[in-house]
Amino acid sequence: MANTTRSSEVIKTSSSGAWQGDNPLNYAFPLLILQTILVLFISRFLAFLLKPLRQPKVIAEILGGILLGPSALGRNQDFLRWIFPSWSTPILESVASIGLLFFLFLVGLELDLTSIRRSGRRAFTIALAGISLPFLFGIGLTFLLRRAIKGEEKVGYAQCLMFTGVALSITAFPVLARILAELRLLTTQVGETAMAAAAINDVAAWILLAISVDLAAGNNNPSGTSTTSPLVSIWVLLSGVLFVAFMLLLVRPFMSWLSTRCSSQQQDLVDEAYICLTLAGVMASGFMTDLIGIHSIFGAFVFGLTIPKGGDLAGRLIKRIEDFVSGLLLPLYFASSGLKTDVTKIRGAEAWGLLLIVISTSCAGKIMGTFVVAMLCMIPARESLALGVLMNTKGLVELIVLNIGKEKKVLNDEMFAILVMMALVTTFMTTPTVMAIYKSSSSNITTKGSSNSKSDKDKECLRILACIHGPGNVPSLLNLMDSLQNSPLKLYVMHLVELSDRSSSIMMVQRARKNGYPLVNRFCRGSSTLQYHDQLVASEFKAYSRVHGQVTIRHLTAISALSCMHEDILQVAQAKRVSMIFLLSMEVLGHGWRGVNQRVLKAAPCLVAVFVDGGFGLGSESDQEDQELPAAASTSSTAITIPKKRVCVLFLGGPDDRQALELGGRMAQHADFMVTVVRLLCVHHHERNCYSISAKHDVDLEKELDEGAMAELKRKSEVEYIEKVVAEGNIEETVRSIGQSKVYELVIVGKRRFPSSMASQLNQIDQSELGTIGDALVSAQAVISSSVLVIQHQQSLNSKKSSAPLLPPNTDGNQDLSLV
């Protein structure tokens, strides 16, 4: 860096400061800092503007680079002279190339070669069609571009065809994973097929790119004659094949051994050494391929393929370098690319007509080839069309190919600008086009037929959708399910995964594949924390289903932003025809997750139960001490009895409370549970209980329904019944005293609203997630040892229908729906 000359002057790294009379913009490092700040600001600002359009971040970064280049801000010569002078270009590109090297390592890390083998003939055929047809179209397109664009005729036809064909046929795997996740298609059949085909496409594209670079290495000189022997290209290709064989046959087993050593039980110092060794391997691999004559990014990509996808090493590498590479260094690469992109070179009707032809050819080749082959593979027309549009995603990988082509002087300024605009347009159109194809949200669910013998059982079973965040609440959830298991139970366990800007493609794809414990057992062979948690959850549910023969458990995964997570929950609840949605309410989850619960409660098509976990069914210290006494007296033949789990149902009246009463009645039929119903009668509303309904006929109707529900409970179940007369101002104190008594392990309440006069007595608590009584119980969480279950009846039903039983008859159903 210090040896770079600028007008016969030596460029220094850092200045002595403005007080010493130095201009920091004349020095390499301060200028690089300013350039980085400017690039990050523009790219983040554009990403914010494009977020409502649900565009991937790569679109904003490409646009930001173009804006900084000669197409917009770069047209001002003063701006270029001060901010992006020509002498700073090699420095900026060198730093950006380091980021690109590690990004391609992450791309290789995110591609699982075993998934390509598992994907079967369908994904391979679709990927082959998505590559071959655009390449065939590229033959004619290359002929046209070389004739129409001045200067391109000097480039060899083979070199131009290879770069044009790769540019038309490539699919950006990381960008596609992000688009699928944001559209909530990652867990569908379309998403699964698209990711498998994109993985195959990516591997093929990088091999073709390596061949293209090799052909371009002997590119024509200005006189049009070749400067290298044809034997050189053969040696380069053979060396590249030997490099890949060496990496897969020798380096890959070593990295597998290294991954097993890099476990959570190892010391941090040892793990740090392994990670540093891996990062050094990235640089060494890039140097080797550059030495061979293939671009250095190919070496980093192949090295990423050698890292096992199931161990701690992959997860730790992603955590360590993804934010720094994707958030800081990659935008610099887009900026350096934008400085080379001059959209003004596309001038005149002929040039814009060429751009339209290139875009049309790219879309036609990818979409048509994928659509036809997908239809031949018996994929429905709408899914086939969506698959074709998704496979047309270009983005960053396309830009890398084009930059290499420009660097090798295969693409001149005009052709480079045309192909960059093509990549931008095709990637931009992916999201809105797929959303237009999938206008109905129900298209994310695919239907699988089931046998008639199972359909009769499905009509009689209780269907519950339980939403979990991790293994911490699984034991309490299973204890709750155990209390409801008086009839066949079908439990859909939906693992909610937040999609954030930091979510890597590999993590999203791994989560998407784990839709059932057979898949979890197959893919969870590493020891990473993520996989350990998923495997632990799956094993607990698997063991539970084996013990309880009447329980069928299905695992689902929802990967969404918190703002639209409730749509996935409601969609699955409706498709599975569940009777109850089970949600978790925990302070550690934060306000975002509570907002998800509130949106589900607002639009749920069925009963909703919000659970505040206090260790239900896990036993307390006092329980353990009580159990030690009979154990010590075992010599006197004293029988050891397991204490029953005590459950309290607080009943004040109303639709929600009646549903809570019925749930308590189901628990009372279980031999391991003792249920107590505490009926609170307000002093000033003794005749009509604590109803929130002011109209007299509504009050009379609610009173009649309440008395009928209570009589039905006493007739069917053996419960302890207690009545308490309380004043309005003492409701909060009475409710808390029940929770603080440590008599009950679980308190079930209805999510109901009091009149405004009562709400003022309860500190005007207005939390829509837990309701007034639930908030009163949980507000003193430090001294309340009970778990709390808040019940809300179906919002779309009226008062008469809301008193319907928890287990409604299913009238439609010889089909079982599955989230793929």
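The backbone N, Cα and C atoms fix where each Cβ goes, and this holds for glycine too.
These figures come from a predicted structure and were not determined experimentally.
Residues or ranges marked as compositional bias 'Polar residues' in TrEMBL: 811-820.
Positions annotated as domain 'Cation/H+ exchanger transmembrane' by TrEMBL: 39-434.
Confidence annotation: the domain 'Cation/H(+) antiporter central' (489-617) carries a mean pLDDT of 72 in the model. Here TrEMBL flags 489-617 as domain 'Cation/H(+) antiporter central'.
The domain 'Cation/H(+) antiporter C-terminal' annotation in TrEMBL covers 647-793.
Residues or ranges marked as region 'Disordered' in TrEMBL: 800-820.
Taken from TrEMBL, the feature transmembrane segment applies to 27-46 (among others).
Same-chain residues lying 6+ beyond the ends of the transmembrane segment (58-74) with a Cβ under 8 Å from its Cβ atoms: 38-39, 42-44, 46-47, 49-50, 80, 84, 172, 175, 330-331, 334-344, 395-396, 399, 420, 423-424, 427-428. Marked as transmembrane segment by TrEMBL: 58-74 (among others).
Here TrEMBL flags 94-111 (among others) as transmembrane segment.
Positions annotated as transmembrane segment by TrEMBL: 123-144 (among others). For the transmembrane segment (123-144), the residues of the chain that approach it from at least six positions outside its boundaries are 116, 157, 160-161, 164-165, 168-169, 171, 193, 196-198, 200-201, 204-205, 354, 357-358, 361-362, 364-366, 368-370, 372-374, 377, 387-388, 391, judged by C-beta separation under 8 angstroms.
Under the heading transmembrane segment, TrEMBL lists 156-181 (among others).
Residues or ranges marked as transmembrane segment by TrEMBL: 193-212 (among others).
Among the features that TrEMBL reports, transmembrane segment is placed at 232-252 (among others). When Cβ-Cβ distances below 8 Å are used as the criterion, the transmembrane segment (232-252) is approached by residues 210-211, 214-215, 217-218, 281, 285, 288-289, 292-294, 298-299, 302-303, 305-306 of the same chain, each at least six residues removed from its ends.
Summarising the annotation, TrEMBL assigns transmembrane segment to 273-304 (among others).
Per TrEMBL, transmembrane segment is recorded for 353-379 (among others). Proximity of distant same-chain residues to the transmembrane segment (353-379), defined by a Cβ-Cβ separation under 8 Å and at least 6 residues beyond the stretch ends, is recorded for 122, 125-126, 128-130, 132-138, 141, 144-145, 148-149, 167-169, 171, 189, 193, 197, 346, 385, 387-389, 391-392, 418-419, 421-422, 425-426, 429.
Note on the transmembrane segment (416-438): residues 53-56, 58-59, 62-63, 66, 145, 149, 164, 167, 172, 175, 179, 182-183, 185, 337, 340-343, 345-346, 351, 354-355, 358-359, 362-363, 382, 385-386, 389-390, 392-395, 398-399, 402, 405-406, 444 of its chain, located 6 or more positions outside it, place their CB under 8 angstroms from a CB of the stretch. Sequence annotations record features per position, and here TrEMBL assigns transmembrane segment to 416-438 (among others).
Annotation: stretch 156-181 has the most Cβ pairs under 8 Å to the transmembrane segment (193-212), among 27-46, 94-111, 156-181, 273-304. Away from its own ends, the transmembrane segment (156-181) comes close to residues 56-58, 106-107, 110-111, 130-132, 134-135, 137-139, 141-143, 145-146, 191, 194-195, 197-199, 201-202, 205, 208-209, 211-212, 215-216, 219-220, 361-362, 365-366, 390-398, 401-402, 404-405, 408, 410-411, 419, 422-423, 427, 430-431, 434, 499, 503, 505, 508-509, 559-560 of its chain (Cβ-Cβ under 8 Å, at least six residues beyond either end).
Packing against the transmembrane segment (273-304) from elsewhere in the chain are residues 97, 100-102, 104-111, 206, 209-210, 213-214, 217, 232, 236, 239-240, 243-244, 247-248, 251, 255, 258, 261-262, 313, 316-317, 320-321, 400, 404: each is 6 or more residues past its ends and has a CB under 8 Å from a CB in it.
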